[in-house]
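Asks: Structure provided below as structure tokens; questions to follow.
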Amino acid sequence: MSNSKRTAAIIVAGGRGLRAGAGGPKQYRSLAGQPVIFRAMQPFCTHAEIFAVQPVTSPDDAEMFKLAVAGLNYQPPAPGGATRQGSVRAGLEALAADAPDIVLIHDAARPFVDAALISRAIVAAQITGAAVPTIAVTDTIKQINAQGDVVATPDRARLRIAQTPQAFRFDVILEAHRRAAREGRDDFTDDAAIAEWAGLTVATFEGDVANMKLTTPEDFVREESRLGALLGDIRTGTGYDVHAFGDGDHVWLCGLKVPHNRGFLAHSDGDVGLHALVDAILGALADGDIGSHFPPTDPQWKGAASDKFLKYAVDRVTARGGRIANLEVTMICERPKIGPLREPMRQRIAEITGLPVARIAVKATTSERLGFTGREEGIAATASATLRLPWGTNGLAD
């Protein structure tokens, strides 16, 4: 079912996560090298059917949040409330000025959500208006009294474990939250419960066993171990590119259009920084080089923007179930000066690759006036990429 309706997502990240132990709010803790909240937000930020991602955070965490999700595109964070329910309402109100048709509400403490689950949520909301992802209960459940004695054994065939993202028509869930606030009801533990209370029929759709919520220190230990074991094949690749100057008034460097008194002589846009990164990633995959995937003899790549090449290389990693641990590029030139451009370059590479800025390094050097770069005849770049792949992969995308 195609999505002709506008869909937004709310990421609830205002909690303190005290049960997860020391180390700050759990959504900002690192999990196998990436912040939990980055993992939770990225699938929504990159999903083709979602036009806006609205985080809800504690104002006290502003700097932590900014660093943790650098490179992702999202709405300005809404300040969280005293409860999860209050935080969700704040996110809904923040979206109301440009109201979507459908809204997905997801907990930042669930970092294993994927695009398939998000797509199922969107379709479920389109069909039913209110839906929650669930998984089957596999353990026997006991109901107890205040003394801890068993008083009942519910039929587990009729029980389900609820997850997020929960999906709703925006207008109905906003009104349900507003009504709950007016009536002083602040005791709901999820948004489906508010919808039920408001008289809505809440449907279920297929959740994902992997989409677990991180709650305790043991959860972090277990998932660190699992992710480390899954991605234990560590690869490193290097790349190099050079382009001569020609006529022009700008050059493309690391995804930025940089004013200059010369241009590049190149088949594509000549971005030596991104080209070197592409070669480094492909080299780590043992998957050829940029010229084998984008031949300079092919007219379709004439003047092409090099961010397409880098996105392609990143997709090759993803296709093997891997991820990029670190990218580094060194620009070698006399001019333009790279220092003032370093942080914008890191940000742009983060936007293209979906990596946290903390995993991207941009460096610069000169050749001390020696050679073609010293004579300002062109610019060179070297790069390295460190990848983590599942054991048993051959490094080649299918």
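Even glycines carry a Cβ here, placed using N, Cα and C.
The feature region '2-C-methyl-D-erythritol 4-phosphate cytidylyltransferase' is assigned by Swiss-Prot to 1-234, with sequence analysis given as support. According to Swiss-Prot, the feature site 'Transition state stabilizer' maps to Arg19, Lys26, His267, Thr366, an assignment based on sequence analysis. Per Swiss-Prot, the feature site 'Positions MEP for the nucleophilic attack' maps to Arg156, Lys213. Residues or ranges marked as 4-CDP-2-C-methyl-D-erythritol 2-phosphate binding site in Swiss-Prot: Asp241, Val242, His243, His267, Ser268, Asp289, Ile290, Gly291, Thr365, Thr366, Ser367, Glu368, Phe372, Arg375. Look at Swiss-Prot and you will find Asp241, His243, His275 tagged as divalent metal cation binding site.
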Asks: Return the residue, from the listed recorded positions Lys26, Arg156, Lys213, His243, His267, with the maximum count of other C-beta atoms within 10 angstroms of its C-beta.
Replies: Lys26
Asks: Below 8 Å Cβ to Cβ and six or more residues apart, same chain only. Which residues does that give for His275 (divalent metal cation binding site)?
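Replies: Non-local contacts for His275 (divalent metal cation binding site): Gly239, Asp241, Ile290, Ser306, Phe309, Ala381.
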Asks: At a 10 Å cut-off from the C-beta of Thr366 (site 'Transition state stabilizer'), count the other C-beta atoms across all protein chains.
Replies: 15
